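Participant: Sharing the feature lines straight out of Swiss-Prot:
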| type | residues | note |
| --- | --- | --- |
| ACT_SITE | C114 | active site |
| ACT_SITE | H250 | active site |
| REGION | 251-255 | region 'ACP-binding' |
| ACT_SITE | N280 | active site |
Amino acid sequence: MTIRAVVRGVGHYLPDRVVPNSELEAIVETTDEWIRTRSGIERRHFAAEGQTTSDLAARAARAALDDAGLQPDDIDTLIVATSTADLTFPSAATMVQAALGMTRGFAFDVQAVCAGFVYALANADALIRSGQAQRVLVIGAETFSRLMDWNDRATCVLFGDGAGAVVLEGTESAGTSADRGILATDLHSDGRFKDLLYVDGGSSTGTTGHLRMQGREVFRHAVEKLAETAHTALEKAGLGAGDVDWIVPHQANLRIISATAQRMQVPMDRVILTVQDHGNTSAASIPLALSVGKARGQIKEGDLLVTEAIGGGLAWGSVVLRW
């Protein structure tokens, strides 16, 4: 028998404030048509004054726990994927642990920017397979609205805030590709491309900084690397693109999503899309899409999913899982 990390519950949280493209027209030189044409984004959510990343994460975590029928102390490990933690330290994960009232287990953050949730899933899978954890709560949460340069129309219109979470549980199975759970993971990074996507602040500058991006170069790397890592993960699982029920991509930009799907030879009607409603929520985008996809009735038990993401670093990767 094989131990698999199986999704037992999923949930998400979006801040109340919805910001349509029309609202951004009054802030920066842009138009609704310009934003839609270049990104597919129609609206996004922004966190309220005083609402932190850990607040969003805790709300998503509670939703996932409710979906799983579990209590906080049923969880062994809590992982938060984020680039916008409330403080330099302690971790957002320990803050969420406290907010949930968890009194056991351990918690830590994963920082791989937009690829963070994929990295966090891979870490959770390894912990479960090795026997170090039985149930892992994996959260992606971001407040990227606070990193925007509102004079840079190429980037400030793209991002939003939100959080999503999944509960993974170790379950015995025969270990075939037909069994539920995470089947394969594939992770990569290449620090030579740091200047393509970064925030120009931190401890070395004493500032929070703003997001900087070379959009055309990021697009080129994204399409190539995302399709490649997805195919590699599928090969590790002994599967191919024709076996995929749903691609659940990082919701960065509709152009990247559609170009990657085309490169993988997967039709767009088998791609979960939320970018139009959420914008780019970085590490939160995949768990948000998983939760929304399930709520819509698209993702069903037994479906084969491929999640893929790329972010600053550059860091990228994919996970193949049977829902």
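Every residue, even glycine, has its Cβ placed from backbone N, Cα and C.
Model, not experiment: these values are computed from the prediction.
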Participant: So, by DSSP, how many helix, strand and coil residues make up the region 'ACP-binding' (251-255)?
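Facilitator: Per DSSP, the residues of the region 'ACP-binding' (251-255) fall into 2 helix, 0 strand, 3 coil.
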Participant: Please report, as numbers and ranges, the same-chain residues at least 6 past the borders of the region 'ACP-binding' (251-255) whose CB is under 8 Å from any CB of it.
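Facilitator: Distal contacts: 38-41, 114, 158, 219, 222, 273-276, 278-281, 285-286, 288-289, 310.
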Participant: Whole-number Å only: compute the distance from the Cα of C114 (active site) to the Cα of N280 (active site).
Facilitator: 9
Participant: Across the region 'ACP-binding' (251-255), what does the mean pLDDT come to, as a whole number?
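Facilitator: Mean pLDDT, the region 'ACP-binding' (251-255): 97.
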Participant: Applying a 10 Å Cβ distance cut-off over all chains shown, what neighbour count does H250 (active site) have?
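Facilitator: Counting Cβ neighbours of H250 (active site) within 10 Å gives 33.
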Participant: What same-chain residues, at least 6 away in sequence, bring their CB to under 8 Å of the CB of N280 (active site)?
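Facilitator: Same-chain residues close to N280 (active site) (Cβ under 8 Å, separated by 6 or more) are I41, C114, F144, L158, F159, G160, H250, Q251, A252, N253.
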Participant: Please give me the CB contact count at 10 A for C114 (active site), counting all chains in the structure.
Facilitator: 32
